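Okay, so here's the structure we're looking at.
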Amino acid sequence: MAKFDILEDLKWRGAINQETDEEGLRKYLAEHDDLALYCGTDPTGDSLHIGHLIPFMILKRFQMAGYHPVILIGGGTGAIGDPSGRKTERTLQTADQVKHNEECLTNQMKKLFGTENFEIRNNAEWLGKLNLIDFLRDYGKFFQVNNMINKEVVASRLENGISFTEFTYQILQAIDFYHLNKDDGVQLQIGGSDQWGNITAGIDLIHKLEGADRPAFGLTIPLMLKADGTKFGKSAGGAVWLDPEKTSPYEFYQFWINQDDRDVVKYLKYFAFLSREEIEDLAEKTEKEPWKRAAQKRLAEEVTKFVHGEAGLKEAQMITDALFSGNIKNLSVTQIEQGLKNAPSAEAGSEKKNLVDFLVDTKIEPSKRQAREDIKNGAIYVNGDREQSVDFDVDPSSAFDGKYVIIRKGKRKYTLVTIK
């Protein structure tokens, strides 16, 4: 049986930007079944967002093809900060912040990668033991300052200034690759396009210390841009986080289901674990029947299930279906808060109030005349029920959990009214 060509699959998915030695890597994959690869992330926050997820999708694909992924948590480098992609110096974190973030990221990675054929390492294990004299003697002599300055990550910062701390980051990342290659048999490093200089520095160090024939490869992924030219990964509300406390499964699902037709096939190739045939079928449906949004729905299903599990996906779909149909009575308060987090909101007192006055006082309607007209025309719903009587009283005692009255105007214009 022919071995699955992981590199060819990644190329078809548009997931490869640069490779240090494509021929050498292909040869290694053809002759060995034991490839180990890694991608690092510094614990600068307590959650990854979907922009961070991009390189780890590549690791996941290698894992599914039978190879051994290693996630490197930068407990050592995270105390310094990667200058890549930044115009200014990072604010240094406390040891307690770094430790807390390490624990959070480790838990997220375990959810994504499981427990088999996968490991998490922390570069504090070796960098934390490295003293200054050993650093300069054993590693510093292999790095030429003129070469370091010419690397894009440093060159882009020279005009505004870069500290010695961040300047040496590429050496520390090179030591990481060297350590994992020598002691753990890791041959391939994956990173974003801005990591090219750091990756090649690591390969150079490995070859200088272990010999030019030592297998060591690098692969970077392209910068992902939307069809409008803006950077992928942000919603109107900011970053889309993997932590359900920061971005609920519903919000996460909505981010994917609202993707542009021009982008959705690209994202399916990258983020969904679907075959070429399935993706090509969805691409055809998008071209012929874009209004059905079949590709967006499948994309949202696949990525939400990967990050939040089957339960998270089902909850996101339940909230979506309820808000779309207007049948909101079976939603819990938590689900209502998720689904209407970004909807218009208002406050009202705890006393009964005529619906016309309620709509005007909460600024859902601009005037009593307009309120009466919309009520009579059947455009107003209170807690899921259509109300067509101008004499109807809104009773806060029937609010969801005694807390919320939900007004829908028209098909899907919701307002969340909090009872005070």
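Each Cβ is built from the backbone N, Cα and C atoms, and glycine gets one as well.
According to Swiss-Prot, the features are:
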{"type": "BINDING", "residues": "Tyr38, Tyr169, Gln173", "note": "L-tyrosine binding site"}
{"type": "BINDING", "residues": "Lys234", "note": "ATP binding site"}
{"type": "DOMAIN", "residues": "353-419", "note": "domain 'S4 RNA-binding'"}
{"type": "MOTIF", "residues": "43-52", "note": "motif ''HIGH' region'"}
{"type": "MOTIF", "residues": "231-235", "note": "motif ''KMSKS' region'"}
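Looking at the domain 'S4 RNA-binding' (353-419) alone, the prediction's average pLDDT is 94. A helical conformation is recorded for Gln173 (L-tyrosine binding site) in the three-state DSSP classification. All protein chains shown were included, and the count of other CB atoms within 10 Å of the CB of Gln173 (L-tyrosine binding site) stands at 27. For the binding site of L-tyrosine, formed by Tyr38, Tyr169, Gln173 according to the record, the largest Cα to Cα distance is 18 Å, rounded to a whole number.
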